[in-house]
Structure formats: C-alpha cells, structure tokens
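Pulled the feature table from Swiss-Prot, pasting it below:
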- N112, K169, R289, H322, S369: substrate binding site (BINDING)
- K167: active site, proton acceptor (ACT_SITE)
- K192, D194, E195: Mg(2+) binding site (BINDING)
- K192: N6-carboxylysine (MOD_RES)
- H288: active site, proton acceptor (ACT_SITE)
- K330: site 'Transition state stabilizer' (SITE)
Amino acid sequence: MDQSNRYANLNLKESDLIAGGRHVLCAYIMKPKAGFGNFVETAAHFAAESSTGTNVEVSTTDDFTRGVDALVYEVDEAKELMKIAYPIELFDRNVIDGRAMIASFLTLTIGNNQGMGDVEYAKMHDFYVPPAYLRLFDGPSTTIKDLWRVLGRPVVDGGFIVGTIIKPKLGLRPQPFADACYDFWLGGDFIKNDEPQGNQVFAPFKDTVRAVNDAMRRAQDATGQPKLFSFNITADDHYEMLARGEYILETFGENADHVAFLVDGYVAGPAAVTTARRAFPKQYLHYHRAGHGAVTSPQSKRGYTAFVLSKMARLQGASGIHVGTMGYGKMEGEASDRDSAFMITQDSAEGPYFKQEWLGMNPTTPIISGGMNALRMPGFFANLGHSNLIMTAGGGAFGHIDGGAAGARSLRQAEQCWKQGADPVAFAKDHREFARAFESFPNDADKLYPNWRNMLKLAAA
C-alpha cells in the first residue's frame, strides 16, 4: 500500500522543523528492496512502521493520531538518503519522573523498521534532538574534570590520562591481576577492567576488589600521585549492579572518588547505563561499547553508526565512551571517528547531517583503545588536535620491552613529543622509555618511522 500521501511531505523545510522544536530528526541511508515500491513509497512505509502506522489503514486512526505521524521530509535517491521527522510526543517517558529514555528512541527510530520486507537496508547516520526533548535526558553527572581534579591537575586542558587494560583479558587470579595494576601505576594513571572481567570462578569479584584497593594504596604511597581504576559492574540484574558498585565504594572508602564504574553499554543496553548513572551519580560512568560493531561497522548496512552510538551515550549520561582510534589502532575505524569525539565534547557541534546544540549538557570524554602504543600516539594527537582524553593501551603498555611502568611512561612521553611538535625519532634520543618503544614495537616503527634504526643506532629487533 502506498502511504506516501500520509507519511511523506517533501514540502517541509528542515529549518522550519528545527525552529519549531517539536521533532526529532533522523537521517538514514536506505535502499528499497527490488520488486516493491519506489524510494518515496518505501520511505513512507518506513516512517509509518516507525510511528503511527502499519501496512494497512486501520479503523481506529483518528485526527489526533494523524497529528503525530512521523513524516519523510527529504529524500535523495541517488545518495540513498532519507530524512524523517518524529514528533517528540511519540517517545515514551518515565512514569516516575517524566524523563526521556533511549530505549524508546531506539524502539521507534531503529526498531521494527530494521526488519521490513520492502527495505533492502536502512542505517541511521545522524539524528537531531530539539531542546524540549534534550532537556529530558540525564546527560553525564561527572566528566573528565572530576578525574583531573582527583589527579591534582588543572580542570581546564588537564591533558592526557594514561591508562591501560590489564592483559590477558581473562585468566589472571586476583593477586597477579593486582600486581600488574601496581606495576602499571608506577608510571601511569588509570586502569580499567577489560569488558569480560567480573566475577569469574578463578577470580572472585570481592577478592579482586580488595587486592586492587591494596595495590592502589601501595602505588600511591610509592609515587606520591593519585591513581584511578574503572571497575566493571555490568550485569543482567539491576540489583547485581548495585551490589557490585556498593561493595567497591565500601572497600575503597576515602578513595571512592578514585573509582569509575564501567558498563558494557551496548550488550547490557540502556537500562544498565541508566542504572549506573542514577544509582551512582558521583562516579565516573565509563561506557564500554563491546559488540557494537555488529551494527555500527561500515560493513553493516543496517542499524546505526558509531557516531550515533556516541551521541546516544552522551544523552544517557556516559561520562566517557570508547570512540575508536581513528584508524591508528587495531580495531576497525576511520579518521572520521574524530567527528564522534568532537560531537560528544562540544556544546555545539556539526554532525554528518545535523548541527546539535547541547544546551550546557556535560560533555562525554573520548576514550581511546585498541592496538595503540607510544609510536602511534603523536599522529593520533595531531589528527584529533588535542590530548584531553583517556587512552587505555593494553599491549601498548605491557608489550613494552621494559614492562608496564615503562610502557606507561612511554605513552606519557608520546604526548610530550606531540605537544612540543618534535620529530618522534629525535625526541626518542633523550627519552629512554619512548626510545625503547621503537624496539618494543618494531613493525610499527618500521612503518611509521622508516629510518629509526639508523637514527637511534639500534639493531634490528
């Protein structure tokens, strides 16, 4: 059934929709399936299925219902682009406080429409939230400024937080795990659980928490510097998340502000993120996105992009989210990952299709991880344009030839190299840990700095 007369209005202007402030706007790349309707007809059916309609006209529809239809307002068939305006009245709100929820946003904008028989594929690439709806989201309660404050740094441009992920990701018992933390903390700032680490039979959660607390205290005594740890509290059960978080805070006592809470936000979903955000508003909320590539990968033509995921994370209240390495690490990514980092940190930012005004909502920190080491960092910082972020290098720290502490120092020296605008190989001559990174990661060194062996007078590794 052609529903374009009801669910498409190509005379609507985007500027008018934004000025009106009553619609969420979404941009999709969409292709109709062969043998079904044309582009506009398929887009209209998509809008119907995403809002007030179905595949037929139903007798219960009234004038009010038609007033909250989602409308296709722009198409470009050559670019496979369609834009849809969703009235904000369509979105579910909490009974307890009237707040908005990402679960409802996803259900409408990227729900049943992903399985429509007449759609070959459809992927959301950007969305716009009007002020009236944006104010209903929690947003972050803590930011990187809170971590800088704990570390004793300026709260403006406090700089690079040098972090790691204890490797191997599974298989360490509590004391060896804590020993690795201590080693890294002698040179670094921040350690996070890897996403599957929790309460394995060989590493009971409470034993690990106590061991890490002891390691943090010893490292702080040894260095005279504060340290940070991000604990995974992800669980299927809301009460399990609360129990984990409360035990951590009780154990760390006066160092509770040195602890972040990590949630696997993609696999556990918006409910888990909101549980952490609301139950523990004083803690830095670390959004890990494990599994997201199933829908966000450039190879996937359905779902939504990593940019969209990052934007949703800020609305939900993530203090920080992993945003990729912009093509500098081992994980799939592109230089355009920079757009995600920019969108979640600025108060006004241009996306691929929409400019978003955040109205003072706290920023979300870009967290960088996945195959990074000191040799890759100067180019990464140059691409991003600043170093106000958290970087968690697992192999990049513990793969250093002189161990985790030296690996941490090499990462910190990489930031210094970039800030000074120095040639990395020349800089290495006076910075031992950075120089030893060339020997630790010779394949990267050969690729990025072909003459390093002669310049540093080092033998082939």
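Backbone N, Cα and C define each Cβ position, glycine as well.
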If you count Cβ atoms within 10 Å of the Cβ of N112 (substrate binding site), leaving out that atom itself, what do you get?
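Within a 10 Å radius of the Cβ of N112 (substrate binding site) lie 12 other Cβ atoms.
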Any idea what DSSP makes of K192 (Mg(2+) binding site), helix, strand or coil?
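Its secondary structure by DSSP: strand.
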Could you state the whole-number distance in Å separating the C-alpha atoms of H288 (active site, proton acceptor) and K167 (active site, proton acceptor)?
16
Quick check: which same-chain residues outside K192, D194, E195 lie with their CB within 8 A of the centre of the Mg(2+) site CB atoms?
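Nearby residues not in the site list: I165, K169, N193, P196, Q197, S230, N232, L262, H288, A290, T392.
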Taking the Cβ of H322 (substrate binding site) as the reference point, list residues of the same chain whose Cβ is under 8 angstroms away and which are at least six residues distant in sequence.
Y287, H288, R289, I367, I368, S369, G370
Between the recorded positions K167, K192, D194, E195, which lies closest to N112 (substrate binding site), Cα to Cα?
E195
Consider the binding-site residues K192, D194, E195 and say which one has the Cα lying nearest the Cα of K169 (substrate binding site).
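Checked the binding-site residues K192, D194, E195; minimum Cα distance to K169 (substrate binding site) goes to D194.
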Please report the DSSP secondary structure of N112 (substrate binding site), reduced to three states.
helix
Over all shown protein chains, what is the count of other CB atoms within 10 A of the CB belonging to D194 (Mg(2+) binding site)?
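Result for D194 (Mg(2+) binding site): 19 neighbouring Cβ atoms inside 10 Å.
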